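**Student:** The structure follows.
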Amino acid sequence: MHTPWADWDHVLKVDPDKDLVDGETFDDVCETGTDAIEIGGTLDVTSDKMERVIDACRTHDVPLYQEPSNPAVVVDDEALDGYLVPVVMNAGDVAWVTGAHKEWVRIDDVDWARTATEAYIVLNPEASVAELTDADCEQDADDVAAYAEVAERMLGQDVVYVEYSGMLGDPEKVAAAHDALEEATLFYGGGVHDYDDAYLMGERSDVVVVGDLLHDEGCEAVRETVEGARDGKAAR
Ligand code: 1GP
């Protein structure tokens with residue numbers, strides 16, 4: 001698989017289970033300036049809900065990826081550029097390291113040319129993803145850096161994802177993960193609400209992922225985070 005994310009600054013993560021702000025459409029979402037849209041959520045996601053988002057975005061140019069949270073929700077659709085599949089480095093439950101993945105490969109004909117993995121390091125214990133995966137979120141900056149290095153060097157991961165879903169993370173830990181990587185792309189996600197948050201994390205990662213803001217505040221707020229992520233990265 002080629003690695004388009006190496007050129008991204010910003011990803012918008014759409015939760016198919018959540019509504020857009022009143023009056024906004026997926027046309028507006030596709031025009032926020034984000035480099036890619038990832039469709040995925042942790043809870044109550046179904047393939048029907050996924051399809052609805054893919055359909056609404058299919059005529060736009062913005063790259064579209066599915067981030068399946070379990071094998072049952074994987075959608076086969078040519079409008080998708082590919083699949084970004086989470087592997088949780090610090091999961092307590094190995095289902096989220098190789099278990100669900102093994103089931104998927106067993107039951108499905110995986111389109112490997114369009115499939116890549118993201119090595120998640122989950123750091124907000126309050127997040128659904130932390131609860132679901134039984135993640136050990138007690139990690140200091142050294143631990144986070146070590147997980148990042150293991151992901152890239154031992155497991156050959158091309159995307160490492162520091163995930164604080166729902167809260168703005170510790171900039172020092174994000175920077176530690178970034179410093180530990182050679183070629184892999186570092187995604188940062190969690191609690192980015194405005195230009196300044198995006199700038200802060202853009203300075204310390206390669207790609208800033210914005211999720212809830214879209215559903216809570218809308219497209220204009222997202223647009224500001226695109227600017228912030230780009231400016232932060234440029235200032236590095
Ligand atoms: C969630 O990392 C993303 O997987 C984004 O987090 O919803 O807190 O922006 P937020």
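From the backbone N, Cα and C atoms, a Cβ is placed for every residue, glycine too.
Unlike curated records, TrEMBL annotations are generated automatically.
The sn-glycerol 1-phosphate binding site annotation in TrEMBL covers Lys13, Tyr161, Val162, Glu163, Tyr164, Ser165, Gly166, Gly191, Gly211, Asp212. Among the features that TrEMBL reports, Mg(2+) binding site is placed at Asp15, Thr42.
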**Student:** Please list, in sequence order, those binding-site residues from Asp15, Thr42, Val162 with the Cβ less than 6 Å from ligand 1.
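**Tutor:** The binding-site residues passing the 6 Å Cβ test: none.
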**Student:** Taking Cα atoms as reference points, which of the binding-site residues Val162, Tyr164, Gly166, Gly211 is nearest to Asp15 (Mg(2+) binding site)?
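**Tutor:** Closest by Cα distance to Asp15 (Mg(2+) binding site) among the binding-site residues Val162, Tyr164, Gly166, Gly211: Gly211.
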**Student:** If I take the alpha carbons of Tyr164 (sn-glycerol 1-phosphate binding site) and Thr42 (Mg(2+) binding site), what is the distance between them in whole Å?
**Tutor:** 13
**Student:** Please give the sn-glycerol 1-phosphate site's span as the largest CA-CA distance among Lys13, Tyr161, Val162, Glu163, Tyr164, Ser165, Gly166, Gly191, Gly211, Asp212, to the nearest whole angstrom.
**Tutor:** 17
**Student:** At 10 angstroms around each C-beta, which of the binding-site residues Asp15, Thr42, Tyr164, Gly166, Gly211 has the fewest other C-beta atoms nearby?
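**Tutor:** Among the binding-site residues Asp15, Thr42, Tyr164, Gly166, Gly211, the sparsest Cβ neighbourhood within 10 Å belongs to Gly166.
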**Student:** Which one of these binding-site residues has the most other Cβ atoms within 10 Å of its own Cβ: Lys13, Val162?
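**Tutor:** Comparing the binding-site residues Lys13, Val162, the most crowded Cβ belongs to Val162.
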**Student:** In Å, rounded, how far does the Cα of Gly166 (sn-glycerol 1-phosphate binding site) sit from the Cα of Thr42 (Mg(2+) binding site)?
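**Tutor:** About 12 Å separate the Cα atoms of these two residues.
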